[in-house]
Structure formats: structure tokens, C-alpha cells
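All remarks here apply to the structure that follows.
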């Protein structure tokens, strides 16, 4: 028996001591699942959350682990911590964990734009990990899938412009939003109404062009994240990016309608070829066979699916793509675990 | 009693003899409702459809009208026919109706791009009606709401570029699609699966970047309609337009994320002012009060709602808008009835 309630059994066992903060949430639970699926070498897994979730149990490799209340000393002796709490929790506790010797991979917005914090998508900019000082930021879900699809195109043809409209699943908001979409849908189908609790307006059979809060320039913070994080990850502060972020009544899987301008002209078939060889990408783009990415295709996988690749009809170097990925997996938990794997590979853990 | 089963009662009664082809469908039923709501001066309403729907009854001003089987002679003596049948039916029967003295307002794709057929949105290009030869085409739903929002901007600041991503409701496909979304949602919420019948893939809690069929250039016909029809309606064959059309699990109301480039620079407040005075437009754009257009706001109205108006952060003359309208109303039935009203006003009926 290797794991039990975060306590280590036997010093000779190899692997890392891993803690997950926010383990009871949608992303936290997925982190546990992905660590298991990918056989990340864990010799001790500690699950942490607020008092409200303490005592809940989560399966890991066949064992029931109990969630404990998070406090700084919980990270003592741990090698790696995956954080999926809010930004304010991350701000207050991440440095405490680092001080105690832990490398933190943080899924919140707290550290992403700090100049000395690497913001990493392993398929795109793994080399940034070399400079880490204890905290590594996991990008926003919508950003991750976009840069996985666009980086190979940028490397081959250059990239000067991105205009993206998103179609984002409710699981990005969390478990309560998943419940809200379920119960609201049932109520509406029965001709009843139910006051929304998680979102300001009904999400069932509706859409909200509103993700996170709004900033003064008229953009939502989600839209600004996509703009700023993409520039940082692609190391191109001048790339022109605009985003419109929209919440849709889908449980899992974010979709993105993306317009790009490359610097060198490309044939559509060349873009398809480049993407076909790109890590983490599935080109699913055969209109005769009605093959195009959809959220229901990404429920159980970690790939970024790209389809509807076509040339703009009016502009040289203009192209349109449709990109779908599981926001809890590649957009959050899987990317975090992949960062952990990359740290291992590079001897940085 | 003025109306009964399409037969005229008393020659002295004023008003027009109106026929609706495809009266049993989602748009056809809405046409009946909108004629009633707007008090269109009907002295005789005849409802037509295929044999499958003949005998069904539909209320109009408190009377139950029975749907009859469509054939060319049904249009004899009628002033106006609103067509909402498929393209092939329109192609085969519209000229027959015109031959019998009827003005046809056709909601299908059959005639829209014919050079001598006016393609009209009354708020945008009503003057085109003057040249009609019997058939007037009602534009595609997604096109209508876009041009209502963009024409006032074009008139004031010029317009050189449109990139639009749509979020289209299932009612655009018809009554069977509404039923499919309902029953599929219920099944999925109960953990059951149900084979899709109307769409090639599940639409409940999913999205399909696929509306109408695909053409060889990689665009769907829906996307090409938006491109070609917008150019015709705005009388600007050179305007650069790209579209990505996506079906979403919403019953009523199409949404559009639109990027535009104007020719003259504009302040956002000027765009808001121009749109506030524009016919048929509601500017609903106050982020502090969380006011932005959503499909659930347009269920019972005919306006085109515009919000999230903001400046592109990188490009002069670049702006982003979010536009929502009821696809069965302004996107179809209401626009057709408004064309009828405009014909009346101009003495063309």
C-alpha cells in the first residue's frame, strides 16, 4: 500500500511527494485523475482544501484519500504542489509553500503575468521552466488550447494577428456551475423557472458574453487574459490579439473560432501538415466526412482538436480555424501535470 | 367574421389577400403570429403546406385556419405570398404565384443572389423594393441582424472589414430541431443516450461548427450566405467579410461576435450614439450593470440588440460588437412582414 491519507509509507519508495490545493473542485479532482492516468511517480499524495471540503474523500490508485485543511506547514517536505484555488488563496499561500521547499504549479490568475514567473504550456515554451523560482503559472484554459494550435503555425509561417471568439463550457466556472446548468436545464424543460445562482443570468439554453469580471476598457478579464498570456507565452509582445469570451451551455470543452494572419503566405494543406506533426494537436478536418472538432469529442482526452481550417477569401495570409479542447484537462489539470513531467525530465524537481 | 379557412367574406372589406406557404413550419407559424401582432391589413389569409401538414389548424385573430395543400392555382387572386418552404419548392412555385398576380416574399435561399431579385432588410435597403418583378428575397437570419447593426456604422464611418463568428439557435433549422434539442437534453440529463436525427451529431450540451452543407472552398453555405448576402444588401461588392457559423444548444436567438474595421476612426461613444438612433436597434451595453445582449432577451421581440461595443486594442478603426436577435422574428418572419409593410407604404402591393 503506497498511499494513504497523504502519509508516506516507507522511505525507500521512489517518486515525489505531491500536494494538491483545491482538491475538491472541478480542476482539483481532475488533477488527481490525471496524475493517476499518466502514472505520475507519486509516492505520497496530500489533498488540501478549505474547511468546507475537509473530510471529503477522493480515490487515487484505488485508495480513498481524505481532504485536509490547507495551511502553510502542510507543504513541508513536499516536492510539488498543484494549486487550483482562487487567486487570493494562491497569492497568500504559494510563497509559503515555496519557502518550505515545494515547487508550486499554480492554476490561478495570481502569478501568470509576474515577469519572473514562467507561464508554461509544455508543447509551446517548456524552456521557460529553466528559470523558475519556485512558482510556475498554468495559463488560462482558453489561452492554452489556442497557443498549442497556433505556435506550430507561428514557427513555420510567422503570426501577426489573432482574433478569437470563444464558446466556453460551464465546467470552467466549477462544480457549482455544472450543477446549475443541469438543474436549470431540467427546470426549463419542465416549463419551470429557477433563479440563477452561479451566473448572473440563466445559462441553460442561453449564452453570456461575460466571463470573469469586466475591466474598464470594455474587455472582460477573461478576454484580457487571453491577450496578455498569449503574448507572454509566444514571447511576442507585439502580436495583435483580440478576444471575445462567451459562456455557452456546454458542460465540458471550450471551442474557439480563430482568425489569424500569418507573415508568410501558406497553403491550407501546409497548415494542416504543420499541425498534424505538432505535439498535442489532432487535426480533425474532413468536411466530406463531416469531421470537425466538437466539445463532445474531447470529454475524455487531452488533445487540442483543430478543424475548419480555411483560407480567408479576401486577405492574403488570412486563415480561419476552429479549435476545441477539454478545458478541465488540457486547459487546466493535464497542462499542470505535464509541467510537472517536464520539470522531472529537466531535473528541476 | 372576416377570416375563415382562406375564403373571402364580403368584397367591401379592405386589406390584402395573403397566402403563407410553409405555414406549418417554425417560420411559417411565426409569420402568422407576426401578421397578427403587427395588425397587417389582411382580409383573407390562406395557409399552405405540403400534404403532410394539410388539415392542421392555426389560430389567426381568434379564428382557426386550416392548412391546405399548396399548388400554383392557390395563389390566384392573392396579393401577397410569404414563402417559407425549402429552396427547391420556392424555385418551382414562386414564378407560378407571380404569374397569377401575387407578390412573393421568399424566405428561402432560392432567389437571394439573383441579380434582378431585391434582397431586402427594410431598415437597410428598402429602396431596392422599387425594382421588384414579383419576387422579393428575405435574407438569411444571420445576415439580417448583422446588416441592421452594421449599416448605420457604415453610413457614418465607412466599413471595410467584417469578421463574424455566430452562435445560432436550433429553431433556425425548424420545429424538429427544437424537439431534438429538448428530448436529447432530457435524455442526456437522465444519463441516457439518444441517436441524433436532425443534426449529424448531438446538439444538446454540444456545438457544431456546421450549418447548412459545406462548399468546396471549406466554408459552409451558411457562411457563404452571410458573405454574399451582406455584400448585396450593403451594395458593396468589395467589402471584406469572413464568417464562421456555429450551431449552439439554444432554442431561440442567434448571437454574433463581430469584428469590424471602419474607414474613418470613431469613438466607441459615437458608435453607441449612431446605433442608439438606428431603426430596429437596441443598444444594450452597460457593463457596470451587467447589461449585454443574450438570446433569452430576444424571445418575444423584433429588435436587434447590440452590446459589448469596444475598440480593438491594437488597430485603429477596429471595433468589436456582440449582436443578438430572434432568428424566427427579425431573422425571418418579422423581416418578411416588414417587407410587406414597406411594399404597402410605397404603393407596390
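Placed from the backbone N, Cα and C atoms, the Cβ positions cover glycine too.
What TrEMBL records for B:141 is active site, acyl-thioester intermediate. Reduced to three states, the DSSP call for residue B:141 (active site, acyl-thioester intermediate) is helix. There are 28 other CB atoms within 10 A of the CB of residue B:141 (active site, acyl-thioester intermediate), with all protein chains counted.
Annotation comment: TrEMBL describes B:254 as active site, proton acceptor. Sequence-distant contacts of residue B:254 (active site, proton acceptor), defined by Cβ-Cβ distance under 8 angstroms and a gap of at least six in the same chain, are B:141, B:142, B:145, B:166, B:167, B:168, B:169, B:172, B:295, B:324, B:325, B:327, B:331. In the three-state DSSP classification, residue B:254 (active site, proton acceptor) falls within a strand.
Of all the Cβ atoms in the protein chains shown, 24 others lie within 10 Å of the Cβ of residue B:171 (NADP(+) binding site). Positions annotated as NADP(+) binding site by TrEMBL: B:24, B:25, B:26, B:27, B:52, B:53, B:171, B:172, B:327.
Non-local neighbourhood of residue B:112 (phosphate binding site): B:119, B:137, B:139, B:140, B:225, B:228, B:229, B:232, each in the same chain, at least six residues away, with C-beta under 8 Å from its C-beta. Positions annotated as phosphate binding site by TrEMBL: B:112.
According to its DSSP assignment, residue B:168 (substrate binding site) is in a strand. Summarising the environment of residue B:168 (substrate binding site), the number of other Cβ atoms within 10 Å of its Cβ, over all protein chains shown, is 25. Residues annotated as substrate binding site in TrEMBL: B:168, B:247.
Look at TrEMBL and you will find B:17-132 tagged as domain 'Semialdehyde dehydrogenase NAD-binding'.
Taking the Cβ of residue B:24 (NADP(+) binding site) as centre and 10 Å as the limit, one finds 20 other Cβ atoms among all the protein chains shown.
For residue B:247 (substrate binding site), the number of other Cβ atoms no farther than 10 Å from its own Cβ, over all displayed protein chains, is 24.
Cβ-based crowding with a 10 Å cutoff singles out B:327 as the top-ranked of the binding-site residues B:26, B:52, B:327. In the predicted model, residues of the domain 'Semialdehyde dehydrogenase NAD-binding' (B:17-132) average a pLDDT of 96. Across the structure, residue B:171 (NADP(+) binding site) and residue B:247 (substrate binding site) place their CA atoms 10 angstrom apart. The CA atom of residue B:52 (NADP(+) binding site) is located 27 Å away from the CA atom of residue B:247 (substrate binding site).
Distance noted between the C-alpha atoms of residue B:24 (NADP(+) binding site) and residue B:247 (substrate binding site) is 23 Å.
Of all residue pairs in B:24, B:25, B:26, B:27, B:52, B:53, B:171, B:172, B:327, the annotated binders of NADP(+), the farthest apart have Cα atoms separated by 25 Å. Mapped onto DSSP classes, the domain 'Semialdehyde dehydrogenase NAD-binding' (B:17-132) shows 35 helix, 32 strand, 49 coil.
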